[in-house]
Amino acid sequence: RLPRPGSEGAPRSKPCEHLLDCGDIVWSLAFGSSVPEKQSRCVNIEWHRFKFGQDQLLLATGLNNGRIKIWDVYTGKLLLNLMDHTEVVRDLTFAPDGSLILVSASRDKTLRVWDLKDDGNMMKVLRGHPNWVYGCAFSPDSSILCSVGASKAVFLWDMDKYSMLRKLEGHHNDVVACEFSPDGALLATASYDTRVYVWDPHIGVILREFGHLFPAPTPIFAGGANDRWVRSVCFSHDGLHVASLADDKMVRFWRIDEEYPVQVASLNNGLCCTFSTDGSVLAAGQDGSVYFWATPSQVSSLQHLCRMAIRRLMPTSQVKNLPIPCKVLEFLCYQI
């Protein structure tokens, strides 16, 4: 059993190993906590079966049989067993506001919204994907959900109304991964068409294209098999860098304002990647292994820090109404 941090039995240096028997192949994982980054939008009703403490860490596991199991990480106790999906649960994501709202993406062509504070009640089924759903991601303020899937699908959902905001059109093959920038102003999507797109999700415009095959394939070839399928994409916490994994056995580290990668590393059979909390380490998953790289160190400019502070509060439509010079406006909208 993994002791809680700060308790008498908690290790000071050596990490403990903890094994959870999920009973089936695990396709997706997500950590969740009731510690909010802002005021939770959910009401904590007293008669709920579980009361989640401020020091409680949950792990959601998406399984091959369509089930989602929710675990208390520190005790190893199975808290909830969610069983409404009929196919593989391909991805899981918790709302970052501490509300313990969980969204699951499945090969059954649906996304399902679960309220873990209400005994795992399934609040809503989001339908619209014509085929498998590969991934999903919340915006930093938890108001928007992006979901991606087969048949070139990139959908944005209003999580206050549980309705579709818009479809983003531009990819030429299955879209397999997505992530918002830390300020919520940008959205990165990775596709089997050999491209990573960086979007303005508020107006549905492609701002950047990171190609993994030169010259870029035409749409008819981008939809076919090739050795440049992009498997994963993630945003660094400085909001300036993006990492991508492709089938060409390469990991690429990009700046959002440059056309070509800043750094490249080799990796066979890479499947997924993510940055550490401070952005100094990039981890990439392979068949049976995880590799770590130290990312290039860089101090963000005061201009970019100010841009991120503004964009955390204002969507593109509000920024465009500000009485400011055109060049400043373009900078705030990540157009230069």
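A Cβ is built for glycine as well, from the same backbone N, Cα and C atoms used for every other residue.
Record features, source TrEMBL:
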- 52-81: repeat 'WD' (REPEAT)
- 82-124: repeat 'WD' (REPEAT)
- 126-167: repeat 'WD' (REPEAT)
- 168-200: repeat 'WD' (REPEAT)
- 230-264: repeat 'WD' (REPEAT)
- 292-336: domain 'SOCS box' (DOMAIN)
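Within its own chain, the repeat 'WD' (230-264) is flanked in space by residues 176-183, 186, 188-192, 194-196, 198, 208, 210, 212-213, 270-275, 277-279, 282, 284, 293, 295-296, 298, 300, 304, 308, 334, 336, which lie at least six positions past its ends and keep a Cβ under 8 Å from the stretch.
Here the repeat 'WD' (52-81) has Cβ contacts under 8 Å with residues 1-5, 18, 20, 22-35, 87-92, 94, 100, 102, 104, 106, 108, 114, 116-117, 119-120 of the same chain, all six or more residues outside its ends. According to DSSP, the repeat 'WD' (230-264) comprises 0 helix, 20 strand, 15 coil.
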